[in-house]
Amino acid sequence: FVYKVRGSTCGDVEVNALVTFSNGLPVRLFPTPEKKHSDSGRGRKRKAESQSECSQGKSAARGPKISDYFDFQGGNGSSPVRGLPPVIRSPQNSHSTPSSTMRQSNSSPTSLSFGDHLIHSKQLSFKCVQTDLTVLKLAALESNKNLDLEKKEGRIDDLLRANCDLRRQIDEQQKLLEKYKERLNKCITMSKKLLIEKSTQEKQACREKSMQDRLRLGHFTTVRHGASFTEQWTDGFLCSFSLSLVTSHLAKWIRKKLDIERQRKLLAKRKPPSTNSSQAPTTNSEPKQRKAKAVNGAENDPFLKPSLPQLLTLAEYHEQEEIFKLRLGHLKKEEAEIQAELERLERVRNLHIRELKRINNEDSSQFKDHPTLNERYLLLHLLGRGGFSEVYKAFDLFEQRYAAVKIHQLNKNWREEKKENYHKYAPLLDLCIQLQEVFSLFCTVLEYCEGNDLDFYLKQHKLMSEKEARSIVMQIVNALRYLNEIKPPIIHYDLKPGNILLVDGTACGEIKITDFGLSKIMDDDNYGVDGMDLTSQGAGTYWYLPPECFVVGKEPPKISNKVDVWSVGVIFFQCLYGRKPFGHNQSQQDILQENTILKATEVQFPVKPVASNEAKGFIRRCLAYRKEDRFDVHQLGSDSYLLPHMRRSSSSGNLQMGGSGCSGPASSSIISY
């Protein structure tokens, strides 16, 4: 029901309001301002009227009474609120309240309040208007809302039950997770215990074997020279006996060889004359016969001369000659066996010396008691020790795999930037050892390779075939090309057999390059046209460094990636011939004092073992004395010796390559791989 209310001004405001009642309460007012009536004849009122207006809460200055503006049809005593017909109360039949609400006055229960003006019920007029909503529609709406409410309440109950189930499952999973964590911790503890026991047993076995080898092969003894102490090697009884035995065999072999050479000379004197000499003229035979008689003492000579050796027949001479050849062949075989025995003893002794040094370094290390780094890496035993770091075989307790942990021994004065650069360029290439983690102790965790390094292999076998050596060199060059293609490029600077790992422990498998502790970063700030300054002169392994690294002057020498090219040539030479090309039996101190590398102007190749001319040419290009004449890494990667699909041209001796871009002189012959 809608009620339309008309009224007069309250003060200076004229109000026309439309009031809608729902459930018997006023909920909406629509104020409609009308034109204000001007009253020019308003004058002073009588005292009685003033008192009447004051009793109604009006002052004389505010104009006519508000009742003049309202036309009530219900009479003076009727109230518009009480006269409203009953309305069905429904929560669905609701309307939003307007911004200007209607309030009931506290002073009169039969009055309406509109804004700040009080409107009495006797001044209101209203009429009933029928709306579109019916009782059935309201009941239908109410029932629909009730159904929706029931559905929502049911959905809420279902969600609450599902939430309870999920919470219960979470609690169960948490308990199960705690149980598994406890079980995992027990497994890790047991794994650590078993690994430590195994490592302890292996260490004990190594030390027992080393002690036996000390007696057999020898050991180091400390000898005092003035105010300093030096270590001197003393051979063991077996090594001494073997060396003495080999030496005696060698002496016998030398005596036999000298005896055979002497007998061959005598046999040459008894060689029968050739057919041409037997057909010589008889005139010349008479003086010879007289001379022979004089020699044999046929004439009366007081002095007897020794008789000439009796000449052998041609068959007898060839028979004796064949015997001497067989004896010389047998002596050469004995010589090869003696030489092989000497080399075997030398290799065994070198491996024994290497193991003695490793054990000594492990015993003096602070990490020898199987600590767990970062609560993850269990250190087992020492693999090797370098100038700046120690490498341990470790076990990753999280990933359940072996790893190599490199513990860096740093200068306390090093900046954090230098520490970061020390391990920054741990390579991403497969040919390089993969960096796995770095933590606060400044350890780098690397992948663990089961095989040994190339230095260990060469100590065992001394050398390898050209095919195997070429395969290793190809992989090294590919790794160097990768290091020079990244930005900024990298110079390894410490390439040597000890830093080349054989993944399978054999020379016919994959390799990995490691130890980037001395690597140089060729950034734009430090690298120029002539190269970069060598700031760490004196560091590195001298046998594998080029001559420019040993130049001493007012300014540091300039280096480039050609340093690694020189190292590749030295490694290739050592793999082929079993010895270093320069300063083979010299120490690093002797090389530095005698300027061995500075004098290495040309490489000399031994006669044996035999290597191809292409391999020798490749080594010469790597070991060029002047760095301007030496190949760089990119030229070396395109060298004809390393490129595949090589074949000889049918028309000439020049090599025909399957691809273009090769550099360097072509060889006259080629080995098929």
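Including glycine, each Cβ sits where the backbone N, Cα and C put it.
Per TrEMBL, the feature region 'Disordered' maps to 26-114 (among others).
The compositional bias 'Basic and acidic residues' feature in TrEMBL is assigned to 33-42.
The compositional bias 'Polar residues' feature in TrEMBL is assigned to 90-113 (among others).
According to TrEMBL, the feature region 'Disordered' maps to 266-300 (among others).
The compositional bias 'Polar residues' annotation in TrEMBL covers 273-286 (among others).
Remote same-chain residues near the coiled coil (328-362) are listed as 203, 206-207, 210, 213-214, 217-220, 233, 239, 242-243, 246, 249-250, 253, 256-257, 260, 368, 381-385, 390, 456, 459-462 (criterion: CB distance under 8 Å, separation of at least six residues from the stretch ends). The coiled coil annotation in TrEMBL covers 328-362.
Residues annotated as domain 'Protein kinase' in TrEMBL: 377-642.
TrEMBL lists Lys406 with the feature ATP binding site. In the three-state DSSP scheme, Lys406 (ATP binding site) is classed as strand. Every protein chain considered, the tally of other Cβ atoms within 10 Å of the Cβ of Lys406 (ATP binding site) stands at 27.
TrEMBL lists 650-673 (among others) with the feature region 'Disordered'.
The feature compositional bias 'Low complexity' is assigned by TrEMBL to 663-673.
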